[in-house]
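Notes follow the structure.
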Amino acid sequence: MTNIRKTHPLLKIINTSFVDLPAPSSLSSWWNFGSLLGICLAVQILTGLFLAMHYTSDTATAFNSVTHICRDVNYGWVLRYLHANGASMFFICLYLHVGRGLYYGSYTYSETWNVGIILLFAVMATAFMGYVLPWGQMSFWGATVITNLLSAIPYIGTDLVQWIWGGFSVDKATLTRFFAFHFLLPFIISAMVMVHLLFLHETGSNNPTGIPSDPDMIPFHPYYTFKDILGFLLMLTALSTLVLFSPDLLGDPDNYTPANPLNTPPHIKPEWYFLFAYAILRSIPNKLGGVLALVMSILILAIIPLVHTSKQQSMIFRPLSQCLFWLLVADLLTLTWIGGQPVEHPYIIIGQTASILYFLIILILMPLISTMENHLLKW
């Protein structure tokens, strides 16, 4: 008799996706981050659901409701810090996942890559709106500054900003709608993840060598299920350590002060995972130019498949491209550092240099070096 997992309509889908799926035998730990992102999403949805049961999205009570969760709700502090630091783990895994895609040329699977870019934007939007909800100083001023950027759009900008605010400033209407969208988006993200996996399973997974692995495949279960479980344990250990020993390490102390529209914090900055984009935004002295650079810093990922000039998919056999890749990583770390610094000399010029270098590496140097490597290999 055929196994039920191969005949049952629902189990059949799970079976072909996670059990009998043929996977390349050479996948390294860099291929763990997709499943880690799935766990992050599950943790965020679960902790977020329980937090939403006690949170009130009203300017008068939002800050106090978060305090109430931490002080009075059973294990509320665990939920709150798991959710806040879970977002950081989410972005660490997300950036490593994208970095893996860049290094090993996974962007050649264009549908999977493009859905991934949409997912990245959706997760960033969700995280931004979530940061506004505790209604601390940095929540309020972060929301004011970032939403105000839309006013740089010619002609419709001001109307658009007021439409998003639901008034003439960030206020109760803004907080309520941000809560509604923050609750809704993770479920849309979950649906998009299904689409992401659907497209991935159409082509099959890439592998570290960049060489087609059709002759050498192994079943996903038990090999990669156990490998993924090990990844889960390591990540959840790191998250638990962060939550239980140093929950405020990645947060901003200003957010423990209730929002006050009459008092601007000395340095308005987003959470650490947006600092690289924030540094690019600040490095251009023109509002519209800054906004375009900010959007392009992420949207440039969609252009990468178009500027792939190498005859090889992966960078594993291309040492010059590897040097450029790690230069890009160092550049992004520099931008992250600059984004958290005040706008003064020498940080301004460092930020501007790093921003130019970011676009230069991706749009000009990478394609040039790839073409040069083709000639060196006489291809």
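The backbone N, Cα and C atoms fix where each Cβ goes, glycine too.
According to Swiss-Prot, the heme b b562 binding site annotation covers His83, His182. Among the features that Swiss-Prot reports, heme b b566 binding site is placed at His97, His196, with the record citing similarity to another entry. Per Swiss-Prot, the feature ubiquinone binding site maps to His201. Residues or ranges marked as transmembrane segment by Swiss-Prot: 33-53, 77-98, 113-133, 178-198, 226-246, 288-308, 320-340, 347-367.
Overlay of Swiss-Prot feature records on the structure.
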residue : record                   : Cβ contacts under 8 Å, 6 or more apart
His83   : heme b b562 binding site : Gln44, Thr47, Gly48, Leu51
His97   : heme b b566 binding site : Phe33, Gly34, Leu37
His182  : heme b b562 binding site : Gly48, Thr126, Met129, Gly130, Leu133
His196  : heme b b566 binding site : Thr112, Val115, Gly116, Leu119
His201  : ubiquinone binding site  : Thr16, Ser17, Leu21
When you check the transmembrane segment (113-133) against the transmembrane segment (320-340), do you get at least 3 Cβ pairs under 8 Å, counting only pairs 6 or more apart in sequence? no
Pairs 6 or more apart in sequence, C-beta under 8 angstroms, 3 or more of them: is that satisfied by the transmembrane segment (33-53) and the transmembrane segment (347-367)? no
How about long-range neighbours of the transmembrane segment (77-98): same chain, 6 or more residues beyond its ends, C-beta under 8 Å? 30, 33-34, 36-37, 40-41, 43-44, 47-48, 50-51, 66, 69-71, 116, 120, 123, 127, 130, 235, 238-239, 242-243, 247, 250-251, 271-273, 301
